[in-house]
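According to Swiss-Prot, the protein carries these features:
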type: BINDING; residues: D286, D290; note: Mg(2+) 2 binding site
type: BINDING; residues: D286, D290; note: Mg(2+) 1 binding site
type: BINDING; residues: N430, S434, E438; note: Mg(2+) 3 binding site
type: MOTIF; residues: 286-290; note: motif 'DDXXD motif'
Amino acid sequence: MDATAFHPSLWGDFFVKYEPPTAPKRGHMTQRAELLKEEVRKTLKAAANQIKNALDLIITLQRLGLDHHYENEISELLRFVYSSSDYDDKDLYVVSLRFYLLRKHGHRVSSDVFMSFKDEEGNFVVDDTKCLLSLYNAAYLMTHGEKVLDEAITFTRRQLEALLLDPLEPALADEVYLTLQTPLFRRLRILEAVNYIPIYGKEAGRNEAILELAKLNFNLAQLIYCEELKEVTLWWKQLNVETNLSFIRDRIVECHFWMTGACCEPRYSLSRVIATKMTALITVLDDMMDTYSTTEEAMLLAEAIYRWEENAAELLPGYMKHFYLYLLKTIDSCGGELGPNRSFRTFYLKEMLKVFVRGSSQEIKWRNENYVPKTISEHLEHSGPTVGAFQVACSSFVGMGDNITKESFEWLLTYPELVKSLMNIARLLNDTASTKREQTAGHHVSTVQCYMLKHGTTMDEACEKIKELTEDSWKDMMELYLTPTEHPKLVAQTIVDFARTADYMYKETDGFTFSHTIKDMIAKLFVDPISLF
């Protein structure tokens, strides 16, 4: 792709000066939110006596982005739900919601519970919209071989699509539309909160304290996000992209949006900042090596990154030198931000960058030799690491707490199967979104083109096959997510969150490269507060 085809930044210096209109009310909002948190906590404790009420409350708190305030209470409640048989197993809504929440929290529950909702011919018998939505969302937490969940998706999708042809209550119509667009488990948690708050506000049975807390919680988080955006924008400006690197994708705000989609809780501010910088640096590396540089220049840059020392800059062409030195300076400064007990983690940032350039070098070799990988598996082995999902997910752990240990970082660098499933999802989604653009731009063959050439299919047929492989990778991820490891559950949860961001960014097109497609959602997340009235 000609570098000039990348559109310029849509945001420029906007966030350097921007403050949301709620900023002067921060103190009052914080005090009010603390009072409401305790009121909602009492409601949560009172729900423990009735499983259906408990499940309804948990899913509401999750969708409104409030569950991180009640992690211990929710975990305790779900342990009770898991061990109790005191619920109506003839109520499909309850059975589906129980299945969804337990699997989402890592409990391995059987999908056989849905067999009783079929008739003698093996067809589902459901006509209630709320039950259809609950079953559809539950079915997307499937692993391989769960035929009943595959059948549930086919059945419920057909029913829900038919429902949209008839008038529905506004809140229910919104729910059906959102669900068909993206099942609940795959939605970005912070965007789900933004979208669900107005829907919940229309529900007759809403809890006013929960609704008010959700609005305050989002507006307070937005203030933190905007502070981070100012910091990373000022950092980015020092690269002087418009003059020195005019050929790259200038997407610092989109990088932060990506990281916020995966790690939205306020306590992960440092994590978001470090991961945003890492994502932006990887974007520069990708555009240099994949789009702009000659093969010789790209190999020189790779060698400099392997060496990781200032004097290696002398080997580089002029346009690379400043970037390379700024890269080294940025990673070193991360060590200072982390403090003495966690500064060792910068070693892993360096290693992740080396993994990226190693994979990019292999892709350049393929392109120059017109080599087509023999199988999709061979392709993914080399192209998975260059999609960047592994690097940005791991870099987010660098800024997290001490529960992410050195052993966890060492484990991540071995490419465990959970990480591979993330890389596969991101690569396959990226390829289906961008293959038509890249096919005409002299890139190495994508997984889509690889399949076309090996099987003699059209591009549309190949894209459908790649979508099937993407779904298989989601099943891989779910199986691995349910498998206990010695590492904190936060690691697996965050990796799943990064798969969700890939799904969002590449669902219809390459939303990162062509970021006008996500501009409105960025504004909803970072610019527009939610009205409290």
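Backbone N, Cα and C atoms are what each Cβ position is placed from, and that goes for glycine too.
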Surrounding residues of the motif 'DDXXD motif' (286-290) on its own chain - C-beta under 8 Å, 6+ positions past either end: 3, 6, 247-249, 297-298, 301-302, 320, 323, 356-357, 360-361, 363-364, 386, 388, 443
CB contacts for S434 (Mg(2+) 3 binding site) [other CB atoms within 10 A, all chains]: 21
For the motif 'DDXXD motif' (286-290), mean pLDDT (0 to 100): 95
Structural state census, the motif 'DDXXD motif' (286-290) (DSSP three-state): 5 helix, 0 strand, 0 coil
Whole-number Å value for how far S434 (Mg(2+) 3 binding site) lies from D290 (Mg(2+) 2 binding site) (Cα to Cα): 14
Cα distance (Å, whole number) from D286 (Mg(2+) 2 binding site) to S434 (Mg(2+) 3 binding site): 15
Integer Å distance between the CA atoms belonging to N430 (Mg(2+) 3 binding site) and D286 (Mg(2+) 2 binding site): 14
